[in-house]
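Accompanying notes for the structure given below.
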């Protein structure tokens with residue numbers, strides 16, 4: 001839906017903002033280009049209009065990022081999720097983003113969105129946002145690029161959905177559904193403190209899940225259990241945890257802020273561990289089938305998120321706490337497995353097994369312009385600029401915009417109840 005596509009879009013479309021590097025000065029931006037119309041789905045429509053408006057090269061097919069339910073229809077613009085955008089550019093320089101963008105929400109489209117549930121994840125439509133956002137967890141992305149994209153992603157309007165009468169009722173940004181699911185209401189402004197500067201990256205984390213969470217708590221300085229929401233192992237009986245593999249091991253970087261009602265005190269950033277981090281980290285995972293199938297990783301992910309949603313509802317968790325915990329749990333690796341003979345060959349997002357299951361390759365919509373053949377690198381460009389220039393298309397020509405009228409770090413983070421398929 002709206003919020004999810006917005007992500008896919010802006011990653012490459014507008015998603016380059018201010019300087020995030022040690023570069024001393026960046027060139028000035030040129031004049032703003034005209035505003036687009038109020039953009040709306042399907043995703044391809046938003047992307048095409050944004051790239052045309054911003055004068056960005058390249059084409060990407062965004063129609064198959066997430067399979068939709070049979071008979072799914074897109075509602076008219078709604079939920080404060082439609083938006084218009086404009087762009088400006090500046091000369092390329094190492095360490096400086098060449099594009100800048102800003103967005104205005106089309107509040108005239110403020111009726112609550114009514115959307116069909118997704119198979120397996122119900123009203124977790126913001127899974128799309130997370131799927132695209134984690135294209136940036138690739139270990140080969142330069143650090144200043146990762147920081148820049150992260151900053152811009154925080155400017156995206158986040159989706160808030162509830163289930164009502166077997167349908168999803170959704171709103172975006174500063175608005176959330178009321179209890180009856182009949183209208184979008186403005187959230188209370190809790191005046192949350194800003195987050196501290198992020199700490200260092202953790203070691204490469206790995207299963208079992210209980211050990212992983214202990215290390216996360218220690219690294220982030222979190223005490224106690226998260227109100228009964230701490231995940232337990234979901235692995236089938238007798239499941240053998242392999243060595244780190246499949247880009248499924250990862251590092252975390254934490255940011256904290258003052259505890260206050262309505263303000264979740266912690267957020268994390270994630271980076272996959274690859275071949276430079278450990279000898280097997282980038283190798284495809286080879287796992288035994290479970291019940292003669294390779295679908296068990298998906299089943300474990302669904303079980304985890306369904307359990308989380310049930311516990312949150314059972315304990316009547318405030319939406320800002322629920323969304324905050326979901327935002328933390330989203331860092332769990334979710335994988336894609338391919339059946340090869342009597343084994344499962346698995347890799348974790350943003351990677352998937354290649355055709356014969358011998359290696360992990362970047363998913364198509366997470367590839368850079370050069371990787372999809374849309375652009376040739378210039379031999380005389382600095383290495384760091386080559387990477388920076390190519391990564392925009394990584395997060396998929398998706399939807400990454402810089403939002404100047406931004407919602408800030410509001411009390412509510414999107415709840416990515418999600419089909420994380422983890423290997424544990």
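Note that Cβ sites are derived from N, Cα and C of the backbone, with glycine treated the same way.
Checked against Swiss-Prot, the residues 61, 397 yield a single entry marked N-linked glycosylation site: 397. Mapped onto three states, the DSSP output places residue 291 (N-linked glycosylation site) in coil.
A simple way to gauge crowding: the CB of residue 291 (N-linked glycosylation site) has 8 other CB atoms within 10 angstroms, across all the protein chains here.
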